[in-house]
Amino acid sequence: MRGLLQDIPVRGQKRVLLAAPRGYCAGVDRAVIAVEKALERYGAPVYVRKQIVHNIHVVSELERQGAIFVDEVDEVPEGAHIVFSAHGVSPAVVAAAADRGLRAIDATCPLVTKVHREAVRFARDDFEILLIGHEGHEEVEGTAGHAPERVTLVNSPDEADTIEVKDPDRVVWLSQTTLSVDETMETVRRLRERFPNLQNPPSDDICYATQNRQVAIKKVAQSADLVIVVGSANSSNSVRLVEVALEYGAKAAYRVDYASEIRQEWLDGVATVGVTSGASVPEVLVQEVLADLAGAGYADVQEVKTAEEDLMFSLPKELRKDIAGKRDERALGGRRS
């Protein structure tokens, strides 16, 4: 794989422009490892509320290892271990798990937890919260659940034109972490036209990984005839990457879960293929796409890097405590009298 310089070469013979950063973000990596470590520490089954991350390959691999995915905590046997997904949960879900005596491991992404804390603080300070996000998404449900009497959901820029608030001087916007940056800023612009005193969150709610992947695919799309985004249909950030690619110059863009879904007709007359992946996609799936494209004559892979990522999150505290306790038990057991 050749590294790409500042300027992408002009279209020519068959090649792949591989976006970087791509794939797993720190929050997804932490959540997946949390389930794997829980299975290792407690043994199967370990229950997970909702999909741990929005990727069918990851979910099926964890199921193979002994994870059981459920929609709600009342499906979990009393006293069992349950992992809350990276998208976060409401206080009501936490309480329901406690009522069943479940041993909960909270794998909520710390960047989502940050939004939860913002919602609690602004609600406490008597602000109305305009939450920009997609109705029905687990992350939105979790955030809204932290301030249910104060949150109004804004699904799109058009909805910003019709939202009503009680006090336009005490209103703040927050957002789902996986949205299109451009669309979110357009929504905020239109909200501020109606509510000039609209407050911003203390820091960006859209996560670094979502932003970085969108910036990279914008660069790639400018020179691509076709863009392939690896990611699942229910992955908000993967779907947004397809939209961004089309907005920034790609002649066509498609989302696939696996390389086997790439259609030959997509490649007809195509010289440059852009490739990226959503934040919940393991790199092995991208490599399978590259291998498939190489077989079709696209063996020249040029990486388009727009940012470096080195953020890492520690495991959930509940898991760290149990793992540390197990080490202490082993240490004590190994001492000679």
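Quick reminder: no glycine exception, Cβ is built from N, Cα and C everywhere.
As given in Swiss-Prot:
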BINDING   C25, C109, C207  [4Fe-4S] cluster binding site
BINDING   H54, H87, H137, S235, S236, N237, S280  isopentenyl diphosphate binding site
BINDING   H54, H87, H137, S235, S236, N237, S280  dimethylallyl diphosphate binding site
BINDING   H54, H87, H137, T177, S235, S236, N237, S280  (2E)-4-hydroxy-3-methylbut-2-enyl diphosphate binding site
ACT_SITE  E139  active site, proton donor
**Complete:** Within 8 Å of the Cβ centroid of H54, H87, H137, T177, S235, S236, N237, S280, the other same-chain residues by Cβ around the recorded (2E)-4-hydroxy-3-methylbut-2-enyl diphosphate site are V53, E139, T178, N234, S238, G278, A279
**Asked** Just the number: how many Å between the Cα atoms of E139 (active site, proton donor) and H87 (isopentenyl diphosphate binding site)?
**Response** 5
**Asked** Relative to the Cβ of C25 ([4Fe-4S] cluster binding site), which residues of the same chain, six or more apart in sequence, are found under 8 Å away?
**Response** C109, C207, Y208, A209, T210, A279, S280, E309
**Message:** Around the [4Fe-4S] cluster site formed by C25, C109, C207, list the extra residues of the same chain whose Cβ is within 8 Å of the site's Cβ centroid.
**Reply:** A26, G27, V28, A86, L111, V112, T177, T178, Y208, A209, T210, A279
**Asked** For the binding-site residues H87, H137, which one has its C-beta crowded by the most other C-beta atoms within 10 angstroms?
**Response** H87
**Asked** Between S236 (isopentenyl diphosphate binding site) and T177 ((2E)-4-hydroxy-3-methylbut-2-enyl diphosphate binding site), what is the CA-CA distance rounded to a whole number of Å?
**Response** 10
**Prompt:** Of S235, S280, which of the binding-site residues has the most Cβ neighbours inside 10 Å?
**Reply:** S280
**Prompt:** How long is the line from the C-alpha of N237 (isopentenyl diphosphate binding site) to the C-alpha of T177 ((2E)-4-hydroxy-3-methylbut-2-enyl diphosphate binding site), rounded to the nearest angstrom?
**Reply:** 9
**Prompt:** Cα of S235 (isopentenyl diphosphate binding site) to Cα of T177 ((2E)-4-hydroxy-3-methylbut-2-enyl diphosphate binding site): how many Å, rounded?
**Reply:** 12
**Asked** In DSSP terms, helix, strand or coil for N237 (isopentenyl diphosphate binding site)?
**Response** helix
**Asked** Who sits close to T177 ((2E)-4-hydroxy-3-methylbut-2-enyl diphosphate binding site): which same-chain residues at least 6 apart have their Cβ under 8 Å from its Cβ?
**Response** C109, L111, V112, V115, E139, D205, I206, C207, T210
**Request:** Identify, in sequence order, the residues in the chain of H54 (isopentenyl diphosphate binding site) that are 6 or more apart from it along the sequence and have a CB within less than 8 Å of its CB; answer 'none' if there are none.
**Result:** H87, S232, N234, S235, S236, S238, G278, S280
